[in-house]
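Let me begin by presenting the structure, written as structure tokens, before commenting on it.
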Amino acid sequence: MSASAKPPAATSPATGSSCPICGRPTDPALRPFCSHRCADVDLGRWLGGVYRVESAETLDESDDGESRESV
């Protein structure tokens, strides 16, 4: 390792992360966002269906309205 090279922890500290919406430094109280505005933009994207989580369920399994738990 050369004298000018720093270990990864020294070059990219956890507190130096950026907001996923605008790219500014994050606010620890609002992590991972920098402001309430960016947090609200992200929430709006989830509620509007922009973000989706993949699932192995088929439509028939999730639309039957019955619980799959046995009593």
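In case you wondered, yes, glycine gets a Cβ from its N, Cα and C as well.
Whatever TrEMBL says is automated annotation, not expert-curated.
These come from TrEMBL:
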REGION    1-21  region 'Disordered'
COMPBIAS  1-20  compositional bias 'Low complexity'
BINDING   C19, C22, C34, C38  Zn(2+) binding site
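Here C22 (Zn(2+) binding site) comes close to C34, C38: these same-chain residues lie at least six apart in sequence, with C-beta atoms under 8 angstroms from its C-beta.
Using a 10 Å Cβ-Cβ cutoff, C38 (Zn(2+) binding site) registers 20 neighbours.
All protein chains shown were included, and the count of other CB atoms within 10 Å of the CB of C34 (Zn(2+) binding site) stands at 20. Within 8 A of the CB centroid of the Zn(2+) site residues C19, C22, C34, C38, the other residues of that chain are S18, P20, I21, G23, R24, T26, F33, S35, R37.
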